[in-house]
Amino acid sequence: MENRGRNPSFLSLLLLLSLFAIASAKVFFEERFEDGWEKRWVKSEWKKDESMAGEWNYTSGKWNGDANDKGIQTSEDYRFYAISAEFPEFSNKDNTLVFQFSVKHEQKLDCGGGYMKLLSGEVDQKKFGGDTPYSIMFGPDICGYSTKKVHAIFNYNDTNHLIKKDVPCETDQLTHVYTFILRPDATYSILIDNQEKQTGSLYTDWDLLPAKKIKDPEAKKPEDWDDKEFIPDPEDKKPEGYDDIPAEITDPEAKKPEDWDDEEDGEWTAPTIPNPEYKGPWKAKKIKNPNYKGKWKAPMIDNPEFKDDPELYVYPKLRYVGVELWQVKSGTLFDNVLVCDDPEYAKQLAEETWGKQKDAEKAAFEELEKKREEEETKDDPVESDAEDEDEAEADDSDKDDADKSDDKDDDQHDEL
């Protein structure tokens, strides 16, 4: 029998090549929040004067897949949060940029951010806040029913530009990994839990540059342009007597009341009702216009204001990563922050952390939810009484069934 399997040496070569590619990845910043993390991160004093600065907890959360894998979590409601870390300055020119992190909303978030930022140049980390310029902002944002999306915002020429596509974010209480990939050809991908959710181009999905083509402002619709798709049928004629049909007629079912007195009530007149034969003003039926040319559109021309930027994707002085957000309800946990140039390395990191822990985390969450529901049932006397009544009704029903069964057995016994 012919062996159609892969040559073991070939598979080994593929594995080695894959490992080599990952090993050659440039990692500009990687934070798993292990020992010493506080030396790498600077807590901002932004909003402290107003007593509105929130504190961070170092924790693995109330439920997790590994109690030893910790991150930083917002801990106070109705607070602003700002924290950042510095890494050696680099440019993503001619290279792929990968920005990835995990986030978990333990608080059943109803309004608050879960995004992170990449910043360039010189930043006073102690003053890092909402007004600090940034290069890229990326991650989930939730507020009410209307906002449940992934932000992907680019700063270009000192203006922040939001992505024009809608990318829904995860809204449960489990950990999810968000990945943004920006390539030298100005294309991008957004991944959630290693699954691509959106992809496209900086040229089309953001308004970073003026449009390449615009409608010709000098163009005018030709006078003989027929844009009526349907026209009245010239062969259709109005039926004879059509205009003589009244809109209302006397109700043939109406009868003069027996107690009607003409001398006192006046002459009785039957009420009128809509005439079922009346069809309204006559209109000729519509037919397709044989001269229809379609809806007129101005021709597109080159936009004189468009100037291409081959370095549209480039951020030459990336140097910081930070979290800056407002939360109505706290409990968001950030972990496993990565800035690198290799999507495969990012994928591997996600699998080594989130991938290995997700099932255990989900099981732990479901167990806690089960206990919480049981406790709420115990603490709710109305619900407990209702359950007792249901049980009592069930017992009475069982008793009635048993009595009926006994009576039936007695009847059968008498017949015997």
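Using the three backbone atoms N, Cα and C, a Cβ is placed for every residue, glycine included.
Spatially close to Asn57 (N-linked glycosylation site) yet at least six residues away along the chain are Ile72, Gln73, Thr74, Ser75, judged by Cβ distances under 8 angstroms. The annotation N-linked glycosylation site is assigned in Swiss-Prot to Asn57 (among others).
In the three-state DSSP reading, Tyr115 (alpha-D-glucoside binding site) counts as coil. Long-range Cβ contacts of Tyr115 (alpha-D-glucoside binding site) within its own chain (separation 6+, distance under 8 Å): Met137, Phe138, Gly139, Pro140, Asp141, His151, Val323, Leu325. Taken from Swiss-Prot, the feature alpha-D-glucoside binding site applies to Tyr115, Lys117, Tyr134, Asp141, Glu324.
The N-linked glycosylation site annotation in Swiss-Prot covers Asn157 (among others) and rests on sequence analysis. Sequence-distant neighbours of Asn157 (N-linked glycosylation site) (same chain, six or more apart, CB under 8 Å from its CB) are absent.
The residues of the region '4 X approximate repeats' (197-262), classed with DSSP into helix (H, G, I), strand (E, B) and coil, number 8 helix, 14 strand, 44 coil. The region '4 X approximate repeats' annotation in Swiss-Prot covers 197-262.
According to Swiss-Prot, the repeat '1-1' annotation covers 197-208.
The annotation repeat '1-2' is assigned in Swiss-Prot to 216-227. Below 8 angstroms of C-beta separation, residues 289, 291-296, 298-301 of the same chain, each at least six residues beyond the ends of the repeat '1-2' (216-227), sit close to that stretch.
The compositional bias 'Basic and acidic residues' annotation in Swiss-Prot covers 217-241 (among others).
The annotation region '3 X approximate repeats' is assigned in Swiss-Prot to 266-304. Within the chain, the region '3 X approximate repeats' (266-304) has long-range Cβ neighbours (under 8 A, six or more residues past its boundaries) at 210-217, 219, 221-222, 225-234, 236, 238-239, 242-243, 245-251, 254, 256-257, 260.
Marked as repeat '2-2' by Swiss-Prot: 280-290. Mean pLDDT across the repeat '2-2' (280-290) comes to 93 in this model.
The feature compositional bias 'Basic and acidic residues' is assigned by Swiss-Prot to 351-381 (among others).
Per Swiss-Prot, the feature compositional bias 'Acidic residues' maps to 382-400.
Annotation source Swiss-Prot lists compositional bias 'Basic and acidic residues' at 401-416 (among others).
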Output field, alpha-D-glucoside shell: CB within 8 Å of site CB centroid, site Tyr115, Lys117, Tyr134, Asp141, Glu324 dropped: Gly113, Met116, Met137, Phe138, Gly139, His151, Ile153, Gly322, Val323, Leu325
Cβ neighbours of Lys117 (alpha-D-glucoside binding site) where a neighbour is any other Cβ within 10 Å: 25
Fewest-neighbour residue among binding-site residues, criterion Cβ within 10 Å, set Asp141, Glu324: Asp141
Span of Tyr115, Lys117, Tyr134, Asp141, Glu324 around alpha-D-glucoside - largest C-alpha separation, Å: 17
Composition by DSSP (helix, strand, coil) of residues within the region '3 X approximate repeats' (266-304): 0 helix, 9 strand, 30 coil
